[in-house]
Structure formats: C-alpha cells, structure tokens
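Novice: This is the structure I want to talk about, given as structure tokens.
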C-alpha cells in the first residue's frame with residue numbers, strides 16, 4: 001500500500017496491487033491508488049510550523065479558537081487524519097479521518113495565496129515568485145505595502161498593467177487637480193459667492209460652482225409647473241415650465257428664482273481647457289506607457305510565454321511532437337523544450353469535465369463511508385426517488401438530487417464512450433523553445449499576415465520554411481498557459497464573432513431597458529434618493545448579468561473573456577452613472593446645494609467610494625464566512641479546502657471601476673474642479689486596497705495578458721477625453737442655470753429663456769462676453785479633439801486590418817539569456833479546465849508522460865494523475881478502443897536537447913552507451 005500525504009506529513013509505505021482487470025463497477029473517477037506517485041518531490045518544509053508572525057490575521061485567530069467546539073465542531077474528534085490511496089471500491093478524494101482546519105489554513109496561505117521565495121540559499125531565485133505549494137525553499141506572503149511595484153507583474157502581466165494604469169491615472173488626475181486650484185479658489189471666493197453664503201455649504205461642496213445666492217424676480221413669460229403634475233428632469237428640459245421649487249405666483253405676478261452668483265471670467269474656462277489638453281497628451285502617452293510597462297514586467301519575470309509560439313493552422317494529421325521538433329531544429333537551429341499538439345476535442349473535454357463535476361456532487365451527497373459502486377448508486381437513487389413526495393419532486397426540478405445526478409452520470413458515461421473512440425484533428429500546436437532568442441527568431445522569420453496563411457500564400461515565406469514543403473504556418477506568441485481556455489480553444493473565428501455579437505446585443509438591450517426603467521422610476525417617484533438608490537442597486541447587480549451574458553461567448557483565452565466582460569460592464573456603468581445622473585437632474589437644480597443638485601450627487605458618490613466601498617472590500621465578508629463558518633463544518637478535507645480558495649474577482653470589474661470614476665470626474669470637472677482630487681484619492685486608495693486584496697484575500701487568477709489594458713486605451717480613454725471637452729462646452733454654456741434672462745434690467749423684469757445647451761447653442765442673450773468667448777473656444781476645441789481622437793481610432797482599426805495581409809511582429813525589449821530549463825518555475829501548455837468543484841484544474845491529456853515540474857501547481861493530497869480526465873475515458877472503455885487522437889499529445893525534449901548536436905546539413909543524433917532508445921516521454 002502506498003500513501004501520498006501532505007508536505008508536512010510522514011509518508012506510509014507498503015505493498016500496492018494493480019487491478020489489471022477492472023470490474024464492471026467502473027469508478028466515478030480514477031482513484032489515487034491508480035496514480036503514479038513519482039511526481040511528488042520529497043517534502044522538506046512543514047507548512048504547519050510556519051512562523052506565526054508570517055501568518056495572516058485570520059489564520060492566527062483560527063489557531064486560537066480551533067480547539068473551541070463553538071468555532072470548530074470537529075475539535076473533539078482527535079482521530080488521526082491520513083490519506084489512504086489504496087481503499088478498495090472507494091473512488092473518491094476524501095480522507096478516512098476528519099478534515100483538518102489547521103491544514104486548510106496552511107493550504108490557504110501556501111496554495112491559494114501568492115508567495116515569493118525568501119531563502120538565502122536560493123541564489124538568483126531569492127525574491128522570485130514561488131509556485132503553489134513550493135516546499136523546498138522558505139517562502140513568504142507578498143506584503144501589501146512594501147512589495148515593490150515591479151513585483152506586481154508576478155501576478156500576471158494583465159494585473160501588473162492594471163496597477164500601473166491605476167497609478168498613472170491617479171497621478172494624472174492629481175496634476176489636473178493642481179492645475180485647477182485656481183478654479184477652486186475662484187468658486188470659493190467672494191467674487192463668485194460671498195462668505196455669508198459659502199459658510200453654510202458643506203466642506204465637500206466648497207470650491208465648486210454650487211450657487212446658493214438667489215433672489216425672487218418677476219418673470220413676464222414664466223410658467224410654473226401646474227399643481228398636481230410632476231414632470232421628470234428630461235420633460236422639464238424640453239418644456240417652458242419652471243419647477244415648483246423655483247417658481248411662485250404672488251399677486252397674479254409670476255416670480256422666478258434667479259441665481260446671482262458672480263460671472264465666470266475667461267481665465268476659469270482656459271484653466272479647464274488646460275486640463276483637457278493635459279488629458280489629451282496623457283492619452284497619447286498612455287500607449288507608450290503601456291508598452292514600457294509591458295516590457296518592464298515582462299523582463300522582470302520570465303514565463304513560458306516568453307519562450308513559446310502558437311501555430312494556429314497546423315496540418316490536421318501533424319500530431320507527432322517529434323515532427324515539430326525536427327522542423328524547427330533543422331530550419332532554425334532552435335531546440336524545442338516542450339511541444340503540445342492540441343486536438344479538436346472540445347466536446348469530449350466538456351463532457352468529461354461535466355462527468356467529474358457530477359461525480360463530485362454525488363460524493364458530497366453521500367455519507368463519507370458510503371460505497372460509490374454503480375449498483376449501490378443505482379439503489380440509493382431509486383430509493384430516494386420512490387420516497388419523494390410532491391414537494392420533493394418540485395424541488396428536484398430546481399435543484400438536482402441524487403436520482404437526477406445518477407441519471408445524468410449514466411448519460412455522460414455513454415456519451416464519453418462514444419466520443420473517446422473518435423479521431424480528432426490537430427488544430428493548434430504550442431512549441432516552447434529552450435531560449436527566448438530562438439522564440440523571437442522563429443516568430444520573426446515565420447510572421448505572416450493572417451490572410452496569407454489562410455490562402456496558403458507560399459510566396460510569403462522562404463521555401464524551406466514551408467511545413468512539409470507546402471504549408472504556410474500562422475505563428476504568434478500565445479497567452480500564458482494558465483490563460484488558455486482549452487475547452488474553447490478550437491471554436492471557429494466565425495462562431496466567436498457570432499456569439500460575441502449576440503451577447504453584446506443582449507447587453508445593449510439590457511442597457512436600454514434599464515435606461516427606460518430608471519426614467520419610469522424618475523417619473524413616478526418624487527424622491528431623488530429613490531432614483532439614486534435604484535441606480536446604485538442596478539450598478540451592483542449588472543456585473544452578474546454581464547458575466548452570464550459573457551458566458552454565452554466562447555473565447556480561446558481568459559484575457560479575451562475579461563475584455564468582453566469589461567466592454568459590457570464599462571459601457572453600462574458609464575451610461576448608468578454619468579449620463580443618467582445628468583438626465584435625471586433638473587437643469588435648474590444643477591448648482592443647488594441640496595440632494596437635487598448634481599454636484600452634491602457627484603460628491604456623495606466619490607465619498608461613498610472612498611469610505612463605504614473601502615470598508616466593505618477590507619471586510620471581505622463572504623471570504624470570512626467561508627473560512628470561519630462554513631469551512632469548520634465541512635465533512636471532508638477537499639470540501640474544506642474549497643472554502644479556502646479565496647474571493648472570486650474579475651479584472652474587468654477593476655478596470656470598470658477605474659473608468660467609472662475617471663469618467664465621473666471629467667464629466668463634471670468644469671463645475672466641480674475638486675473632483676480631480678477626489679478621483680485621485682479614490683484611485684490611490686484603490687491601488688493599495690486592491691494590492692491588499694490581491695495578496696491576502698483574492699483567489700488566484702489566470703495570468704491575463706494586455707488585452708484589457710489595450711482595450712481601455714484604444715476605446716474608453718479616447719471617449720473620456722471627448723466627453724471631457726464636450727461636457728465642458730455644455731456646462732460653460734449653461735451658466736447661471738436658472739433659465740432666466742433679463743427683459744428690462746432698469747425695471748428689474750426678466751423673462752424665461754432656455755439655457756440648456758441643446759436649446760441655447762445659438763441663443764447667447766443671457767451670456768456675458770467672457771462666457772460667450774469661453775463657450776466658443778470650447779466648441780472649437782471639441783471639434784478639434786473629436787477629429788484627433790477619430791483619426792487615432794481609425795488608425796488603430798487600419799493597423800489591425802494591416803495585420804490581415806502582412807507581418808506585424810515586433811519584439812519588445814531585449815531577450816534574456818536564461819534557458820527555459822533553468823527557470824525556477826517552468827510551466828508547459830498542458831490542457832486543463834478549471835472547475836468550481838475542484839481545488840485544482842482537471843487535466844485533459846495523459847499525465848503519465850508529463851514531468852511534474854511542467855505543471856504550475858501541486859496538490860498536497862493527490863498526484864497530478866488524480867485530475868487526469870483521459871484516465872476516466874480509459875477506465876470507461878476498459879482500457880480498450882480508446883483513440884490515440886482523443887487527447888492532446890505533449891512531449892518534453894530535455895534529454896534529447898542534451899544529446900543532440902546540430903550539423904549544418906543534417907541532424908546528428910548521439911546517445912550514450914546506456915541508452916537503449918530515444919524515447920523522450922516523461
């Protein structure tokens with residue numbers, strides 16, 4: 001008997017019997033007894049003996065209360081926990097003893113959270129990121145405050161770029177705030193609003209265009225909103241009526257409330273225009289900044305992506321990794337370290353994943369000692385279904401019970417048996433070279449336009465670079481291995497586009513529906529608070545809707561999923577925050593100091609983000625409930641570990657929050673210049689708050705690429721600059737926001753006039769000379785900036801179009817000389833699918849031929865073969881009729897690279913006297 005234990009446990013030894021003739025009772029999934037344990041390194045560091053000073057606060061508290069039955073109901077059970085992998089007819093991952101909360105917390109800190117190597121004996125590896133569960137050298141958790149900014153790239157290039165852009169925009173808004181100090185001082189001066197009026201303003205509104213100096217004046221043609229009728233803000237903008245709060249009738253004479261704040265000098269408008277120019281310059285600098293930061297993070301941390309290429313159009317039958325190795329070695333003198341030939345088995349993988357999840361749900365429904373033999377499962381399912389009443393049957397329609405799960409399992413078994421016997425064509429090949437120089441040379445020499453590869457234009461590359469003498473390969477740099485979505489890797493481009501359009505159309509319909517719903521709420525409720533809370537609630541719920549809509553789409557990379565989700569949430573939040581906020585605010589209430597005033601609302605939004613949202617994120621309520629309430633009551637170690645996976649987060653939502661507050665700032669900065677400082681403070685807090693969450697509470701995420709960063713730069717930031725200058729035109733045009741114009745100044749009479757930009761664009765009778773000049777300057781600036789941004793976006797589209805017909809590969813930065821085999825973390829392109837029911841990815845290929853060092857994760861309880869989906873298919877087919885092309889082929893060439901030497905005309909193979917073959921499979 002053999003047992004695989006945790007890194008902190010002693011291993012048991014004994015005899016192990018192999019069942020060469022499996023019974024008809026096919027196991028739900030491969031037992032650990034069938035696993036190869038040679039990929040488990042000898043443990044050296046005991047995770048249970050971590051220094052308490054290096055532990056999270058949550059773990060310290062848990063250790064303190066772990067012996068209390070009110071906290072840990074299993075505290076009284078002192079049975080030794082041991083993982084026996086040779087248990088007959090027990091095909092599950094659970095242990096025989098009670099789960100250990102102490103081990104679960106160690107799992108949280110060493111497997112779920114990111115750590116770096118902190119060991120003087122590590123040499124150049126010291127300070128580098130460690131793989132999950134690394135137990136050969138001392139490691140520490142990243143510190144949320146003292147971790148250098150450059151180390152944020154250890155969490156993935158996309159994450160590092162997010163923090164860089166966050167800091168970039170925070171500094172940008174701070175600079176614009178400093179430029180706007182003159183405007184803040186003007187609005188806080190006696191010239192604009194006397195001290196007797198300013199003293200009553202809350203400090204959050206000081207320095208804004210809020211105007212409380214008003215007086216009632218006779219208005220010859222003004223009409224008050226009829227009593228009993230409530231008009232929405234939009235209806236008021238398009239009607240000749242004044243709202244009841246600003247209109248009254250005395251002695252049969254209509255009086256209107258007039259704003260009497262000081263006139264706006266030209267220098268105030270020019271100061272605002274300066275901030276617009278700064279934003280425009282920053283927009284064009286942002287592209288170079290992203291390239292610089294990409295190079296900065298990429299050079300600091302070498303990953304498999306830096307050594308790899310992806311071939312998207314290989315010959316359908318080119319499934320032999322040796323064939324690819326020889327091609328690149330002969331033509332480029334480039335030694336491949338690992339070759340992955342991925343096949344078109346998406347449906348098989350999805351079916352196997354669903355089957356694994358089904359078995360896990362069955363295990364969770366059964367008692368810890370219940371047999372999972374097929375006959376026993378059928379008996380249990382039949383008994384439960386027989387004893388159901390009407391209510392139970394109704395509940396089963398909503399939440400599947402044991403009978404439904406077993407029925408689904410039988411169906412999936414039959415489906416797998418059929419799919420596993422089919423042959424599948426090769427659709428993608430991932431080649432990881434031994435050096436980064438080889439990768440760049442191959443990418444440069446084989447780089448062609450997409451369309452050239454589709455029509456197989458043999459003139460696009462030299463003849464010797466044609467694969468098999470006839471195929472033009474389409475080669476590109478792939479995403480990181482953890483970011484590849486293997487279950488959707490082979491979806492056709494046409495299908496991706498169709499699903500994307502369909503999903504975004506549904507998203508657009510949702511946005512329109514919400515817009516009309518808010519208008520309905522605004523027209524039927526007199527309270528602005530109700531509308532504001534409605535907007536806030538919808539903003540918090542829509543990300544779940546957007547995530548469900550994005551789930552319809554099928555992308556081959558996690559970065560593409562995040563980009564699609566980002567577009568949906570960012571568009572919705574932008575419209576539902578700045579635009580809707582403007583539309584539901586009556587025009588004449590723009591400068592009010594009460595809850596109807598738009599400046600008050602914007603200030604409230606910023607301060608709520610600074611205080612409330614910060615406290616909620618720090619509290620991590622759902623994470624603490626899982627770890628401190630649900631985990632101690634879990635029945636198995638696997639179930640307990642799932643509670644310690646960390647809080648789920650999305651990069652798309654982080655970028656959306658960034659866009660939301662920048663847009664909110666620039667939309668209203670003309671009348672609320674202090675918004676620059678509030679935005680800078682909010683983003684600065686987010687920089688450190690998200691660092692804390694990333695290093696202490698958030699779940700590990702795939703290493704996203706640069707897609708979301710490039711999308712924000714290419715689309716949203718240009719629109720933000722346009723919105724900034726256009727809204728400047730609108731707001732400078734609207735002063736003094738009372739819809740009152742002089743009719744006969746000598747007699748003190750006034751008349752109603754439209755000041756809203758849409759109606760007053762050519763009616764400047766209420767403006768003084770400086771306001772009219774400011775408004776015309778901003779109109780001209782809006783036109784110029786709109787043209788500049790349009791040309792920029794068109795150029796980006798044309799650049800993308802150029803990539804269809806010509807090579808666009810450009811290496812970034814200088815290559816490093818560190819060989820792939822010398823990296824402290826070596827991960828290969830191994831097909832895997834993340835499941836919420838498993839702590840580690842399910843592997844969609846044969847694992848017995850893969851070295852454990854090529855995985856970027858390690859399960860403390862099970863070897864990698866436990867997650868091998870191909871083993872499920874093999875057992876269902878009783879080790880026969882399984883197609884060799886049913887799963888991707890992976891091969892490592894570490895030994896061959898040490899034996900080969902290159903001859904200018906041929907490949908010469910050398911071997912030592914002890915080698916009987918050249919088999920390089922691990």
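Yeah, the Cβs are placed from backbone N, Cα and C, and that goes for glycine too.
No curator has checked TrEMBL annotations; they are predicted automatically.
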Novice: Which is it, of 710-732, 733-755, 802-824, 825-847, that TrEMBL names as transmembrane segment?
Specialist: 710-732
Novice: Match it up for me: which of 758-776, 777-795, 853-871, 872-890 does TrEMBL list as transmembrane segment?
Specialist: 777-795
Novice: Looking at 661-689, 893-921, which one is transmembrane segment according to TrEMBL?
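Specialist: From TrEMBL, the annotated transmembrane segment range turns out to be 661-689.
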Novice: Counting CB pairs under 8 Å, which listed stretch among 165-187, 499-518, 661-689, 777-795 touches the transmembrane segment (710-732) the most?
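Specialist: Per the Cβ count, the answer is 777-795.
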Novice: Apart from its near flanks, which chain residues at least 6 from the ends of the transmembrane segment (564-584) lie with a Cβ under 8 angstroms of it?
Specialist: 232-234, 500, 503-504, 507, 510-511, 514-515, 518-519, 522, 528, 531, 535, 538-539, 542-543, 546-547, 549-550, 553, 555, 598, 601-602, 605, 650-653, 655-656, 659-660, 663-664, 667-668, 708, 711-712, 715-716, 723
Novice: Mind checking which residues of the chain, 6+ beyond the ends of the transmembrane segment (777-795), have their Cβ under 8 Å from one of its Cβ atoms?
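Specialist: That would be 269-270, 273, 276, 280, 283-284, 714-715, 718-719, 721-722, 725-726, 728-729, 732.
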